[in-house]
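Everything on this sheet refers to the single structure shown next.
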Amino acid sequence: MKFAYRFSNLLGTVYRRGNLNFTCDGNAVISPVGNRVTVFDLKNNKSDTLPLATRYNVKCVGLSPDGRLAIIVDEGGDALLVSLVCRSVLHHFHFKGSVHSVSFSPNGRKFVVTKGNIAQMYHAPGKKREFNAFVLDKTYFGPYDETTCIDWTDDSRCFVVGSKDMSTWVFGAERWDNLIYYALGGHKDAIVACFFESNSLDLYSLSQDGVLCVWQCDTPPEGLRLKPPAGWKADLLQREEEEEEEEQEGDRETTIRGKATPAEEEKTGKVKYSRLAKYFFNKEGDFTNLTAAAFHKKSHLLVTGFASGIFHLHELPEFNLIHSLSISDQSITSVAINSSGDWIAFGCSGLGQLLVWEWQSESYVLKQQGHFNSMVTLAYSPDGQYIVTGGDDGKVKVWNTLSGFCFVTFTEHSSGVTGVTFTATGYVVVTSSMDGTVRAFDLHRYRNFRTFTSPRPTQFSCVAVDASGEIVSAGAQDSFEIFVWSMQTGRLLDVLSGHEGPISGLCFNPMKSILASASWDKTVRLWDMFDSWRTKETLALTSDALAVTFRPDGAELAVATLNSQITFWDPENAVQTGSIEGRHDLKTGRKELDKITAKHAAKGKAFTTLCYSADGQSILAGGMSRFVCIYHVREQILMKRFEISCNLSLDAMEEFLNRRKMTEFGNLALIDQDAGQEDGVAIPLPGVRKGEQRFLPHLPATRALCNCPGRCWAATTTEGLLIYSLDTRVLFDPFELDTSVTPGRVREALRQQDFTRAILMALRLNESKLVQEALEAVPRGEIEVVTSSLPELYVEKVLEFLASSFEVSRHLEFYLLWTHKLLMLHGQKLKSRAGTLLPVIQFLQKSIQRHLDDLSKLCSWNRYNMQYALAVSKQRGTKRSLEPLGSEEEEEASEDDSLHLLGGGGRDSEEGMLA
């Protein structure tokens, strides 16, 4: 088994904090999720997480006007310059302070960041290679408190900055002679957002108390004059500076200071602002804080979000209310509008919600929410298309692994979910919960069709379903019993007693009717389903058992214990075959409030979940650590260790405490640094109204699972559901290569129509483009002859290539024919190697099943359209026989209505019917 795994996607969490951005085409939303960034493609219904991570949680994201570059800034002030085209980090930079917002100019030449009470303008990175991508141009002083928001004019001549000191400042990107920098007042609370009007210096400012001020400028943007140099020396100096800026791209910094209240003589002949109007969002008795806003300049639409979860849509400058809706129970943290002004994105950090609303049709384009509390358990469907997760919030969510979206949420449980699993068919999800119920959900009708309960109230800690899907078992945490039900009738079949501690894990043997149960009483019991559920064997352990799992062929049993060991057993003979000591691999960090070191704290850590790989040669182990380990079972050695997060915003991520936080009065971590902010606590006393004391969440890998096709595995963490897949970016990975195998020889064999030799050489080079060229050159009638002459060793290579090609190729029938011939001619030989070929076969099944689902929906829709067309034509024929004298206009209208119902009529309708 190869371990070229890489981070693939992040599910389960769609938004944490920070600002949302739409891409230039308006079809995708860029959302910060913890210390990662996810792109939600709304047009193709797909989500993708960029393969990068910051040191702390992402605080703001700035997108360039052309959509090629993004600046991602975290809470610590570290910035990443990211190319959204090649999805890679181009440059690292540190702003030496916490950055609140970042914004590119419309022409893409500059960008501004707000940091502390200043605004800094940098030269934007160009398209050529540079030694330093971020060159500071100017620093603007003026506000007395932290700056909060930025907006640019359309011509990139000026930008406006809002501050928490209730003032708004207009600064120039160049040295304008008739523009002086002074504060615009009129507000009684912190500025949340400020926006320029289209092609104008008129602006709008919004404060946290729900007040909108409309400011009118007496000068158009074209009326701004550059400050002339004083004397010939200044002219010469300016010319030299311009030449130096062209050569060195402005390495020198300029400091500009504004005045809050300039003198009247200074205002003479300068740009002046006057307040035209002042509007209030809050009605009498309905006060709520304004938390986010966005403005679409072309359509003059203003979207405002409030702490109560309500958003308003107004038309400016008349302040006409167009729409108002409550979309969440928590505060709206971020608002964004796409380029066309049709879609509005909302982010709610309290619940982790991401919503995209189409205001004209009043419908949701996207509505996603992760688990409110941490995810506890997950399971892959047999074909690998779906992942089901259970959380402490009592919700069960089913995710599509291809799109990355949650398509159904079950809320029947009233307490935390402790276990989830799929049946063998993949269309039934069985869950256990601390509320004392085990529930079965149907993924066809999206309903809870079975609820299993115990005779007396108990809390279930785990659940398992046998290979046939007929027997459901669950372990109790308080009564130390195992309950067995029938899926068909819902009846309780038996109660298995014998354990003397809470049941920590259950697992059915995939090949036999044997149930393995692990308990805190330092035993694992094997129960025989066909022998009246008698205890077949009792395996004595050296410590409490935390997890148990069978190998895919059922010939081996793995148990994780509290002393950080993984023991392997032969279930037939009840003999231990090996053990792995994982104490040193579970590297844990030290919490900020821990009294002991990380080395001593690691002694109490252990693996809490196990999962075999598809071929059974390796095992994945995860626990209360930021690492997931892959061990080789036979050699009993560590093969690979994955660090699932490097986010320092989480607790226990560093091995040693930061001595800078240690003072003579204690640890500074005990002090709430964010007290007094809008989401913090002013005074940490009982009865405060702004929420609870903030804390750093710990990062446990509570569950890790390997995908059945063997090409990816997933782990639930505080960050969300992390998916790791095989790295397909390896371009050259030859197989039995020698000097006689070259791309030229492959194409020469194709010209000679020696297809078998060409395919074998292409497979030995193992270049996908060359293999595709060789396979597609084979005529349809000769596929059977070529497949029969392929050696058995190369059949697996061809099947793996076909499985990956189904996801991207349009030659569906051609590749299906190849697959059919290979399986028919080599099926018996492949069956003898079912254990090693299982990942390839199930990967192939997953790819074909996806096309089957898509085509079945299309065919059923076309069948309905044809039945409707036949019914309409039959009705018209009956009407003609009854009314021989019908007008031509009525017939044409009837034809138009029929075509409209069938999909719009014309050529498009015919193509849809023929599809």
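Every residue gets a Cβ built from N, Cα and C, even glycine.
Note that TrEMBL annotation is computational and uncurated.
According to TrEMBL, the compositional bias 'Acidic residues' annotation covers 240-250, 886-896. Per TrEMBL, compositional bias 'Basic and acidic residues' is recorded for 251-267. Taken from TrEMBL, the feature domain 'Small-subunit processome Utp12' applies to 766-870. Positions annotated as region 'Disordered' by TrEMBL: 237-267, 879-915. The annotation repeat 'WD' is assigned in TrEMBL to 184-216, 368-400, 410-451, 496-529.
Here the repeat 'WD' (410-451) has long-range neighbours at 373, 376-383, 385-386, 388-398, 457-465, 467-469, 472, 474, 477, 483, 485, 487, 490, meaning same-chain residues at least 6 beyond its ends whose C-beta is under 8 angstroms from one of its own. Taken as a whole, the domain 'Small-subunit processome Utp12' (766-870) shows an average pLDDT of 83 in this prediction. In the repeat 'WD' (496-529), helix, strand and coil residues by DSSP number 0 helix, 19 strand, 15 coil.
Helix, strand and coil counts from DSSP across the repeat 'WD' (410-451) read 0 helix, 24 strand, 18 coil.
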